[in-house]
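One structure is given below, encoded as structure tokens.
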């Protein structure tokens, strides 16, 4: 599309804008298209400031266009490179930036430039740190809030599950262009600093995300403005990233971004996958892109699409599919059963269906209640030993596990557990969400009736074939105990065998993995 010729209201200066022949070579003057009519000068200037000083601005409101002049061509090139791969949004509308064929903007004689100059001074001052944040940056009708920085400080409370830099990037990108993130641990809390291109984006993200849970009943976001106005990122790795500088080193001893990750961050809205076959997953969890709503997880963040009511809606996982089905391979075909897999995977989520493959009995498909639970089960059980074999757990390409048709030969290999009373996570916000731990040799036992002694429980485990190394009741609550077995593999097997074991008096033993040792 060619650049406009400003209307005669701009006087003789229209000769400076001859109409751009696109695409043009690099220039420090950039042409911005599809600018929403209500956008302020300050908001446009904020698009450029993260890349360097903005030296001039011309808005053509009637044509929904603008010209931004950067102080250096280098800054303009960085800006165009960045926004080519991550389309900037202003007032929730995408805007498009390309080089202009003008080498500079001459706006001295133009009317209505006062506000543009005020916005330039104010926003440049905030970003260069010359202005105390207590002051206000005036910018016409889109005035920045007093004391507002484009940098947010994020604390994640109830960190029962790791939160990665990619996960933060995906959540916070819903509100605007994220330029830089630094993560760190302080006072035993996982924290992050995150810089937007525009303080308004930071404001919207803070208002929407403060107090929300990333995962069900855990990983609560506390979001506030930082006193910093800009972040200085030296390395691109798992702890820090500057999305405007994909050329930064990874730093000593830090895992660097693999080339796929670098490429993915160059593409709009895609986070590369560390798992084969799990497109769109960040390392800890995949954030949904489209699809089904997950009503099972109130209070957890999906892709944060706002419903017309303003409430957050949660969508299913992945590009148009719900990745809640796991493929488990290298099982021991002589020992495995759908019920055993249901009990084991049920530690990490509610298992709806299990299918051991008819022609390949060392493989099974397991359908979890949702993608988060599938991810949890995969991260905790992949590589564990079961019945003497190291099992592999990956996300399946299947969206559901099909039940056999009537009359179809199945040998009892497919089971539907969706109505099972043994689901641990049916209640939203259940305490069980806070007690999810990796497999360990020590098991947590609960729901023990008063008449059951430690000898009875030790004999139960020993009589089923397990080595009991230690046992103790909880001092404050004899309904619970810890039992330590000979190995993690034994504990996994014992959990499968004895979870829901009938202890009499209408009590069924509950077994889970413990984070404690005896």
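Every residue gets a Cβ built from N, Cα and C, even glycine.
TrEMBL lists 1-12 with the feature compositional bias 'Polar residues'.
As annotated by TrEMBL, domain 'RRM' applies to 28-102 (among others).
What TrEMBL records for 152-228 (among others) is domain 'RRM'.
Positions annotated as domain 'RRM' by TrEMBL: 324-398 (among others). Taking H, G and I as helix, E and B as strand and the rest as coil, DSSP gives the domain 'RRM' (324-398) the counts 19 helix, 24 strand, 32 coil.
Per TrEMBL, domain 'RRM' is recorded for 441-516 (among others).
The region 'Disordered' annotation in TrEMBL covers 1-25.
Across the domain 'RRM' (441-516), the DSSP tally of helix, strand and coil residues reads 21 helix, 25 strand, 30 coil.
Using the rule of three or more Cβ pairs under 8 Å, pairs at least 6 apart in sequence, the domain 'RRM' (152-228) is in contact with the domain 'RRM' (28-102).
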